[in-house]
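Engineer: As annotated in Swiss-Prot:
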type     : residues    : note
ACT_SITE : 38          : active site
ACT_SITE : 73          : active site, nucleophile
BINDING  : 58, 60, 117 : Mg(2+) binding site
DISULFID : 77-83       : disulfide bond
SIGNAL   : 1-21        : signal peptide
């Protein structure tokens, strides 16, 4: 009898502990943060930046005509970086797939998203849509493996010009025609410019998304090179206010290039969702500090990058 009672009590203990764990996880109201390693264009750099604590990577995609050919930034670039590291785009995507496919020897559970900084400024107007189609084909074949156990990371397509909305329309059309419209659930969008003569207003950016047929999965970036002064973050604060409004169209906002502890804290304090940095370990250190470890945490795969955080 005593043995039976002990067994019952033991089972209840396990159940209660499990319930407490579930409640604890649900009660974690800290803002998830995407730690985006900046300008990762050579495959040898991928594990290096992941080892520094990045849960996301950004690569620059350059075109020959409308064909995405290399991951390459070129000069000038952020201070302290090698501007000319590169890889063939298809090879880079295949390598990303290895790092984000469960069961692969290179798989990293914490690598959850990558941003493709699409250098479409070199394209003529009639090349923009074909370029979007070609990027979709490359991702489908070399990253998603034609829908057969491809990489699981989320993808953000970052375009430097709100006038290039036809890129997105072409991209989406290819996935639909190929029978892989479901993969659009893994894709987000970021219209980041143009920067000259001045950045577009949020209203103009919103209109561009409407023209692209995009309603949701929207990221917005703001910032400058790492050797520029921080400034007053006026546009960033305006974007965050819009994101958090009742009729906001932005889901996530990230700031770049943030390399110092002071600028990292300043960006977190105003409410960003992501930090793009040349030194991912800096953010990791800040997230451990008192005053930050109770408000922010590193995003995981279970965090939806297309969902606006509500606290």
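Every residue, even glycine, has its Cβ placed from backbone N, Cα and C.
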Engineer: How many Å separate the Cα atoms of the residue listed as 'active site, nucleophile' and residue 83 (disulfide bond)?
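Structural biologist: One finds 6 Å between the Cα atoms of these residues.
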Engineer: For residue 38 (active site), which residues of its chain lie six or more apart in sequence with Cβ-Cβ distance below 8 Å?
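Structural biologist: Correct list: 58, 78, 81, 256, 257, 276, 277, 278.
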Engineer: I want to check the contact list for residue 117 (Mg(2+) binding site): same chain, sequence separation of six or more, C-beta distance under 8 angstroms. What comes out?
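Structural biologist: Same-chain residues close to residue 117 (Mg(2+) binding site) (Cβ under 8 Å, separated by 6 or more) are 58, 59, 60, 61, 158, 160.
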Engineer: Hey, does DSSP put residue 60 (Mg(2+) binding site) in a helix, a strand, or just coil?
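Structural biologist: The residue in question, residue 60 (Mg(2+) binding site), is strand (DSSP, three-state).
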Engineer: Given the Mg(2+) site residues 58, 60, 117, which other residues of that chain have a Cβ within 8 Å of the mean position of their Cβ atoms, reported in sequence order?
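Structural biologist: Output for this site, in sequence order: 38, 39, 41, 59, 61, 71, 73, 115, 116, 118, 158.
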Engineer: If you skip the near sequence neighbours and keep only those at least six away, which residues in the chain come within under 8 angstroms of residue 77 (disulfide bond), Cβ to Cβ?
Structural biologist: 39, 83, 225
Engineer: If you count CB neighbours within 10 Å, which one among the recorded positions 58, 60, 73, 83 has the smallest count?
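Structural biologist: Minimum Cβ neighbour count within 10 Å, taken over the recorded positions 58, 60, 73, 83, occurs at 83.
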